[in-house]
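Structure record follows, encoded as structure tokens.
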Amino acid sequence: MGLLSNLSPDEASPEWMNKGDNAWQLTSATLVGLQCVPGLVILYGGMVKKKWAINSAFMVLYAFASVLICWVGWGYQMSFGDKLVAFWGKPSVTLDEKYLLRQAFLGYFPTATMVFFQFVFAAITPILIAGALLGRMNFIAWMMFVPLWHTFSYTIGAFSIWCPDGWLSKLGVIDFAGGYVIHLSSGVAGFTAAYWVGPRLNKDRERFPPNNILMMLAGAGLLWMGWTGFNGGAPYTASTDASLAILNTHVCTATSLLTWLVLDIAVSGKPSVIGAVNGMITGLVCITPGAGVVQSWAAILMGLISGSVPWYTMTILHKKIKLLKHVDDTFAVFHTHALAGILGGILTGLFAVPKLCRLFYLVPEWERYIGLAYGLQTGRTSAGLRQMGAQLAGIGFIACLNIVMTSLVCLFIKLIVPLRLEEGVLQIGDDAIHGEEAYVLWDDDKRYENAQVNAAYDADENPSVVSKTLSELQMV
């Protein structure tokens, strides 16, 4: 009995391609893309002070577009192409249809699908870095920072850990979906860049209220739901392991959010919406290195830890450590991404299940991937310690890489343009930078002039109301 006509291979659907896997991979990539645009566009745009709404949202949009051109121009090959050195691939374009339509280096789908899937991960990383720089970075400097940092930092981390030829990949580091490559990188790079760029105005550091909390929550919701594709697409197949990764992602995230919320109430007496969003983010980040290789009970434990340890460092320890107080990390990406990514990597090294690692890696040497807890349980303590050592080595390499490369990139840009905006521009914000404002419904000057005309017309009838109206407009 032959295959149904729609399942039969042809020139557009070769025998090696799995249509279900290809469809899921493209869907996952789109979900991650939606985390960026519009997810982080409206999350950042709503979470900052009103005068920075456009600038913050535009930094996201620019980074998304810029990384795509870099990615197909040279970034993909430097991250997943032929090896140049143990931690870096050879730069080359990824635009030829013969290359894009052949089978990807992993999975049963075309290389074009892999290029797009990996692009959205590459794009979200500098966008997360932006969270540490909002409210003062020169936009021209940001335009230079994104392609330079992508080229000289992101590609090295991606090749080292995710490319089969990378040295950390050969060492056996488990990074299921980017806890190291994306979150540890963005957290350390964001904190380092914030050091070089300098702080916001003192009044902005002291008071930086969100201009639209409801929009912030809408962006946070897109970020959370988009993580279904973030972690669910990591196995490169629509498999049982992908299903487990998705469930673990949401279990850990919910646990982390609730833990943060309870701690906020216990200490301040008020349930903070912004705190809940931070707890959500730390849960998403913490589960990412091990989403498909740990059991769901471990995901709950990871959520408890990711909702409590970063809460402590952000709300209490931050005020006691001089360096943390000195560096103006606008959205605390060091705590929510770097620290949460480190926690996730260590806990993955503790709770990784050998069977689940086999389902994920599908390689003959799958037995080398084993969490320390299972190594102790099964008498393979040395293997478990080796795995934990690999996880710690990955943390050290990614952290050092981003401190050094981010510093070099910032110092290079500083030779050409200022990293920080001028004081006068910082006072005004969006209108001075872009000539646009986020919430202008009509021209303010005409509004004031019309009010003066109406006031003069009605002055004789109700002078007290007129005086009050004009004084209010002058305050605006």
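Backbone N, Cα and C atoms are what each Cβ position is placed from, and that goes for glycine too.
Caution: TrEMBL annotation is automatic and unverified by curators.
Copied over from TrEMBL, here are the features:
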{"type": "TRANSMEM", "residues": "23-45", "note": "transmembrane segment"}
{"type": "DOMAIN", "residues": "23-439", "note": "domain 'Ammonium transporter AmtB-like'"}
{"type": "TRANSMEM", "residues": "52-74", "note": "transmembrane segment"}
{"type": "TRANSMEM", "residues": "115-134", "note": "transmembrane segment"}
{"type": "TRANSMEM", "residues": "141-162", "note": "transmembrane segment"}
{"type": "TRANSMEM", "residues": "177-198", "note": "transmembrane segment"}
{"type": "TRANSMEM", "residues": "210-230", "note": "transmembrane segment"}
{"type": "TRANSMEM", "residues": "242-261", "note": "transmembrane segment"}
{"type": "TRANSMEM", "residues": "273-291", "note": "transmembrane segment"}
{"type": "TRANSMEM", "residues": "297-318", "note": "transmembrane segment"}
{"type": "TRANSMEM", "residues": "330-353", "note": "transmembrane segment"}
{"type": "TRANSMEM", "residues": "392-417", "note": "transmembrane segment"}
Proximity verdict for the transmembrane segment (52-74) and the transmembrane segment (273-291), three or more C-beta pairs under 8 Å:
no
Taking contact to mean 3 or more CB pairs closer than 8 A (sequence separation of 6 or more), are the transmembrane segment (392-417) and the transmembrane segment (242-261) in contact?
no
Between the transmembrane segment (141-162) and the transmembrane segment (23-45), do 3 or more CB pairs sit under 8 angstroms, pairs being 6 or more residues apart?
no
Interface-richest range of 141-162, 177-198, 210-230, 273-291, 297-318 toward the transmembrane segment (330-353), CB pairs under 8 Å:
177-198
What else in the chain is close to the transmembrane segment (273-291), if you only count residues 6 or more beyond its ends and a Cβ gap under 8 Å?
47, 174-180, 182-183, 210, 213, 216-217, 220, 223-224, 227, 230-231, 234, 244-246, 248-249, 252-261, 264, 298-299, 302-303, 305-307, 310-311, 314, 332, 335-337, 339-341, 343-345, 347-348, 351-352
